[in-house]
Amino acid sequence: MIDTVHAIQAGVTLAALQRQSLLEALDNRVLLCHALELNRIALITQSERALSAGEAQRFAALVQRRLAGEPIAYIVGQREFFGLPFEVSSAVLIPRPDTELLVELAMDRLPAQGRVLDMGTGSGAIAVSLAHTRKDADVTALDVSADALAVASRNASNNNARVTFLQSDWYSALQGAAPFDVIASNPPYIASGDRHLAEGDLRYEPVGALTDHADGLSALRIIIAGAPPHLKPQGWLLMEHGYEQSAAVRALLSDAGYTEVQSWCDLAGIERVTGGRLTA
Ligand code: GLN
């Protein structure tokens, strides 16, 4: 019976560690694979294998971190997004499945050999997925954080994606750059003081990637106001936002003169991405 981390000791079998776990079954399996450098199949085929003292110690340390609340993705240093493996660290937001919607919408609107910009790239999830899937695309990604850009550029090379990275506070380093067919962004959009910031994985994520320290719309406003000189005629601006922000973002786009303003739903049926295009 595994009822404390101290019970994870030499001699305990993989089967016992899965029958009786301190964590959710999936978290437990992921950490067990990580600690023992095994794949999922091996957990089944080697179920009677007993842990060595070193393995037990390694696994117990990971379980302890998870019990303290640290996100699984940071503990194992990786998260899958758009079918690709992404390195993650506490310098970057953990990619969410919801954001795959933004990648698909950007890809659908990107002409052959088109130019696309990812603003606030973080781990590089959006830019790298686009560049990996659309080898013809000319992909630029920017972030204000040098630490995030280091993670993103490793993700680009590990996933065989050609991306130009720029350290930039929103549009500031883009002066003189050629305009884009599509600008996509998953900016910080959680309002300061939102209780979600103090819950679950978000407690461990970079605060500057989550909140604008204001009403949640300030980064979206900057992106919308600054996009026109960087968009080609007919170009699209697409932004992810919070579950209650779609009407506000549509209004910001319409007021700024964008056309075809609309929102798209994520897998949960929540309006999650809003965009519009510029007519010349
Ligand atoms: N989608 C994230 C969350 O709600 C927030 C990401 C962001 O602020 N861009 O957990």
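Heads up, the Cβ atoms here are built off N, Cα and C, so glycines get one too.
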Further S-adenosyl-L-methionine ligand in TrEMBL, beside Gly120, Thr121, Gly122, Ser123, Gly124, Asp143, Trp170, within candidate set Asn158, Asn160, Asn186: Asn186
Secondary structure composition of the domain 'Release factor glutamine methyltransferase N-terminal' (23-77) [DSSP: H/G/I, E/B, coil]: 38 helix, 1 strand, 16 coil
Neighbours of Pro188 (substrate binding site) among the binding-site residues Gly120, Thr121, Gly122, Ser123, Asp143 (Cα to Cα, within 10 Å): Gly120
